[in-house]
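Participant: Handing you this structure, nothing more for now.
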Amino acid sequence: MATLLRGLLRPLCAFQGNPGSSTGKRRGRGKESQGRVPLRAVSHGAGLLYPEHIPTSPLQKLLLAAGSAGMALYDPYRHDMVAVLGETTGHRTLKVLRDQMKRDPEGAQILQERPRISLSTLDMDKLRGLPEGSFGCAYLRFLDVNRVSPDTRAPTRFVDDEELAYVIQRYREIHDMLHTLLGMPTNILGEIVVKWFEAVQTGLPMCILSALFGPIQLSAQSLRLLISELIPWAVENGRRAPCVLNVYYERRWEQPLQALRQELGITEPPLRVEGLV
C-alpha cells in the first residue's frame, strides 16, 4: 500500500519540488527559463513530451485535480494550483480549442510558430516607445500599474500531448492581454470578471469553477455589481468575440486598443472596478 501511495503522489511531489512553480500571488518580475523555450514534439527523456512534462495516470490526474481545486478555492491567488487544475481537467476542451486554432489562419500560424510571452521575448523598449492609445502601450501600463509580470505564468506539466500543452500555455500567457482588452484590474473582482469571459470563450472547467466559486470572497456590494452588471457584460462579450486564442497579440502592439476591441467585439466595461473587493 505504501508503495502504491508513493507512486500516486510522486507527480505532486515533483511539482512541489520544482523551483519554477508559482507559490503565491502574481506579484513580482522573476524570470523563468521555460518562458524562452517553445514547446515542441522532441525527445526529452523516457516518456517526456516537452521539457517540463510530468507523465501521470488517470488516477493521479484525479488526485491532482481534487487537491488543486481545494487549494485554488481556498486561495484564488494560488495560480500554481489553478494551473494544475486546468491541466488535469481540460483535455477534451483543449482539443476543441486546438481545432479552432487550426481552422483559423492566424490561429494556425500561432500553432505553427509557437510564440511565447515572457520578459525575454518581449521588446520592452519598443513597447515603451509606442504611442498613447495603442494596444502595446495599454498592455505595458497594465503590467506596471498592477505590478505583474508575464514571467509568473507556470509552465505546463501534466498535459500528455505536446500540442495541447502549448494551447494551455498560450491561454495562460495571453491572460494579461485579456485583462487589458477588458479593462479589468487584478483585484479579486477583476479576476472573476475575466474568468467569466474566459469560461464562455474557452469552456475550460477550471475557468467555469473559478467563475462560479470565486464570488464567495466578495463583499455584498461587489457581489451585487458583479451579478447585475459585470457578469452579463462579460458573458455577452465572451459570446460575441471570436476565439481569443486566434489573435497574434505580439503583432498587434501598434494597433489602437479601441480598434482591436472593435475587431473582437469587446465593449467598454459598464463600470470601473478598481478599489472594489
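Any Cβ shown, glycine's included, is placed from N, Cα and C.
Below are the features listed in TrEMBL for this protein:
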- His175, Asp176, His179, Glu191: Zn(2+) binding site (BINDING)
- 16-37: region 'Disordered' (REGION)
Participant: Have a look around His179 (Zn(2+) binding site) and count the other CB atoms within 10 A of its CB, chains all included.
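Facilitator: I count 22 other Cβ atoms within 10 Å of it.
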Participant: Can you give me the same-chain residues 6 or more apart in sequence from Asp176 (Zn(2+) binding site) with a CB-CB distance under 8 Å?
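Facilitator: Asp176 (Zn(2+) binding site) has long-range Cβ partners Tyr139, Phe142, Leu143, Val148, Pro150.
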Participant: Far apart in sequence but close in space: which same-chain residues, 6 or more away, have a Cβ under 8 Å from His175 (Zn(2+) binding site)?
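Facilitator: Within the chain, His175 (Zn(2+) binding site) has Cβ neighbours under 8 Å at Arg153, Val194, Glu198.
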Participant: Which number gives the other C-beta atoms within 10 angstroms of the C-beta of Glu191 (Zn(2+) binding site), all protein chains shown included?
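Facilitator: 21, counting other Cβ atoms within 10 Å of Glu191 (Zn(2+) binding site).
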Participant: With a radius of 8 angstroms around the mean position of the C-beta atoms of His175, Asp176, His179, Glu191, what other residues of the same chain does the Zn(2+) site pick up?
Facilitator: Val148, Met177, Leu178, Met184, Thr186, Gly190, Val194
